[in-house]
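Asker: Once you've had a glance at the structure underneath, I'll fire off some questions.
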């Protein structure tokens, strides 16, 4: 296993939809292992393949069921798709490994149903609410070429983009 570099905004790959995965092969299994190590090292709740520079529709996540549990264990979703949404909620203080040093309130659905396949190619259907619903929406957005800053007000988004441009200019 290896730690992977996390791609950050404004990298162009983050703004492009990912390619669907057709075969689960040894390379994909290695990618899952490397993404898992990277997720826990970061630390984060979820990580999409595109966030480590891989143009594949896959994500890994590990979300505690409630405040008292440590973890539900790592889950892998390949070619995930949101098939049902319900209710509205604001994800407070949402952040992202690819959008460092910025957090914002983000409008999300309160409940989602997600379908995809796991790392063994078995069909998966997840009915999620609460934090899990927010994490799944956030990571699936990555696979569709969207960042959470694309879902916030244009004023907050442009403030962040200006800050990043200024920092990049200062770096040379």
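Even glycines carry a Cβ here, placed using N, Cα and C.
Remember, predicted model here, so these are calculated numbers, not experimental data.
As annotated in Swiss-Prot:
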| type | residues | note |
| --- | --- | --- |
| BINDING | 96, 138, 142 | Fe cation binding site |
| ACT_SITE | 139 | active site |
Asker: Using the Cβ centroid of 96, 138, 142 as the reference point for the Fe cation site, which residues of the same chain not in that list have Cβ within 8 Å?
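Answerer: Apart from the listed residues, the neighbours are 46, 48, 51, 97, 98, 99, 139, 141, 147, 148.
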Asker: Provide the number of Cβ atoms within 10 Å of the Cβ of residue 138 (Fe cation binding site), excluding the reference atom itself.
Answerer: 24
